[in-house]
Amino acid sequence: MLRSFLCRSQNASRNLAVTRISKKKTQTTHSLTSLSRFSYLESSGNASVRNIRFFSTSPPTEENPVSLPADEIPISSAAELTLEESVASALGFSESGDYGGTSVEAVGEDGDSEIVAIENEVYQFDDEKLESVLSLLRSDEESLEFGLNALNVDLHLDFVVRVFESPGISGKNLIRFLKWATQNEEITVTTSLVESLLVAIASDTRRMDAYGLWDLVKEIGEKESCGVLNLEILNELIALFGKLGKSKAAFDVFSKTEEFGFTPNAKTYYLTLEALCKRSFMDWACSVCEKMLKSGVLSEGEQMGNIITWFCKEGKAEEAYSVYELAKTKEKSLPPRFVATLITALCKNDGTITFAQEMLGDLSGEARRRGIKPFSDVIHSLCRMRNVKDAKALLLDMISKGPAPGNAVFNLVVHACSKTGDLDEAKEVLKLMESRGLKPDVYTYTVIISGYAKGGMMDEAQEILAEAKKKHKKLSPVTYHALIRGYCKIEEYDEALKLLNEMDRFGVQPNADEYNKLIQSFCLKALDWEKAEVLFEEMKQKGLHLNAISQGLIRAVKEMESEAKVTEDGNLLAEA
């Protein structure tokens, strides 16, 4: 678009002008036929009134004028036509309508006209003055206007355009030059000048120049029916402020669009939202989005996806979903990756998970086969909400229609079933997983074991542990930790101690937590400080540290038992 601005500005500078040269032509008289011919050429648009001027005098009075109807006007003879062509050729006219840069204004009365004088104006640049102006504009001269006045330039619109096309001039100086030039009544601000100015400032990306241009545009726009601005200029100004990171200025331009008599289009909304969202001005962005939705104007494909992504990143998933709904209404296609992004954003909030579920139905074909992430996100959210029923239903739908669920998706459902205490359902999902050729990992078994251990169902937990030992040579510390806590909860400390001793055989090194849990259980519940002290010695040998609280418990239980024994011995002696 900026290239088209520049081309239009270059086309405007084809007629070069500064020095005027006047020439006088010989006085000539033409017939009605010749006059009508000039008039036709003038009306065809090839003639320009400002270059050649014809001045007519009163024709000689005929003694017996004959008035003929229009349809009976005699046609000139061949000789007359030949004479006319030679005269036209002498004046620089040709049959093709090429006047050599001149134009005609013909005036005639009663079918006869005398051409008294022809003034041919040819405009040429004074290259020295042009270079002087450019040199001044490329400098940092503070008194720029004074310097321009001193050059005594014969201003013309083409001269101004030529200055704007010249490289190396700052946007600030171009604006100052334009304001100085428009003090001349013959120079007015045109669309091409504003476009050229926008091109120059956009290439430099200087913040203050951009603000200066906006002030000029506002001044132009506030003049009613000026016809200089257009929507594309405002759009590019919004883009410029967005590039500079000046979101407030971009929003100001957007707010003035309708005031200047233009209706925002899809590009206007897109550029404004881009400028606002990238700087997290989300309140303004939401108001622009709301206006866009009401207008029904929406970008295509990638741009629409970008708008959705910007809102999702800023936590505005509902606004993004509104854009998606409008796109569906207008049957606009959205690239699948943007659909997945929106589904993921909707899954973060329990209140919008329903929208995410509905959007899964919009994925089809290749997009659905590759859509494991959005499906997994929805199942994860349903499990977080403990909506196991819908989570399992979606899992079965994935098995039936795709995308094929992996271990991670099955684990989500198993975990949700275990947390809700529905361990039988968890085992069913585990069997379903195995039936599809998937090997449950240690985490899957651990989740079910933990569920059984929390419920005190240690026999069932041991069954799952035995199954896990068959499938995996190395288990997880979390697996044993859950079992040890389960046995301690039902006060079967010897079973817990057995598990601690077998951990090494399955590639698991007991950590301080397991020892600490058992030591505290032996001290507080079993009051067996001797076993607690044995475990403490094992920890020392393995280089593990027992916290001070547990060490204090061992000493306290040991002292308490000693005091109890002394008291008991004293009582026995007293009885004796």
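Including glycine, each Cβ sits where the backbone N, Cα and C put it.
Under the heading transit peptide, Swiss-Prot lists 1-76.
Within its own chain, the repeat 'PPR 1' (230-264) is flanked in space by residues 1-2, 191, 194-195, 198, 201-202, 205, 207, 210-211, 213-214, 217-218, 221, 271-272, 274-276, 278-279, 281, 284, 288, 291-292, 295, 297, which lie at least six positions past its ends and keep a Cβ under 8 Å from the stretch. What Swiss-Prot records for 230-264 is repeat 'PPR 1'.
The repeat 'PPR 2' annotation in Swiss-Prot covers 265-299. Counting residue by residue with DSSP, the repeat 'PPR 2' (265-299) contains 26 helix, 0 strand, 9 coil.
Each residue in the repeat 'PPR 3' (300-336) has a pLDDT score, and their mean in this model is 94. The repeat 'PPR 3' feature in Swiss-Prot is assigned to 300-336.
Cβ atoms under 8 Å from those of the repeat 'PPR 4' (341-370) belong to residues 305, 308-309, 312, 317-318, 320-321, 324, 328, 377-378, 380-382, 384-385, 390, 394, 401-403 of the same chain, restricted to positions at least 6 beyond its ends. Sequence annotations record features per position, and here Swiss-Prot assigns repeat 'PPR 4' to 341-370.
Annotation comment: Swiss-Prot describes 371-405 as repeat 'PPR 5'. For the repeat 'PPR 5' (371-405), the DSSP counts in helix, strand and coil order read 27 helix, 0 strand, 8 coil.
The repeat 'PPR 6' annotation in Swiss-Prot covers 406-440. Secondary structure of the repeat 'PPR 6' (406-440) per DSSP, as helix, strand and coil residue counts: 26 helix, 0 strand, 9 coil.
Residues or ranges marked as repeat 'PPR 7' in Swiss-Prot: 441-475.
Annotation source Swiss-Prot lists repeat 'PPR 8' at 476-510. Within the chain, the repeat 'PPR 8' (476-510) has long-range Cβ neighbours (under 8 A, six or more residues past its boundaries) at 442-443, 445-446, 449-450, 452-454, 456, 458, 461-462, 465, 468-469, 517-518, 521-522, 525-526, 528, 531, 542, 544.
Annotation comment: Swiss-Prot describes 511-546 as repeat 'PPR 9'.
Among residues of the same chain six or more beyond the repeat 'PPR 5' (371-405), those with a C-beta under 8 A of the stretch's C-beta atoms are 336, 339-340, 343-344, 347-348, 350, 353, 356-357, 359-360, 363, 412-413, 415-417, 419-420, 422, 425, 429, 432, 436.
Summarised by DSSP class, the composition of the repeat 'PPR 8' (476-510) is 27 helix, 0 strand, 8 coil. Long-range Cβ contacts of the repeat 'PPR 7' (441-475) within its own chain (Cβ-Cβ under 8 Å, at least 6 residues beyond either end) map to 407, 410-411, 414-415, 417-419, 421, 423, 426-427, 430, 433, 482-483, 485-487, 489-490, 492, 495, 506-508. Using a Cβ-Cβ cut-off under 8 Å and counting only residues 6 or more beyond its ends in the same chain, the repeat 'PPR 9' (511-546) has close neighbours at 477, 480-481, 484-485, 488, 491, 493, 496-497, 500, 503, 553-554, 556-558, 560-561. According to DSSP, the secondary structure content of the repeat 'PPR 1' (230-264) in residues is 25 helix, 0 strand, 10 coil.
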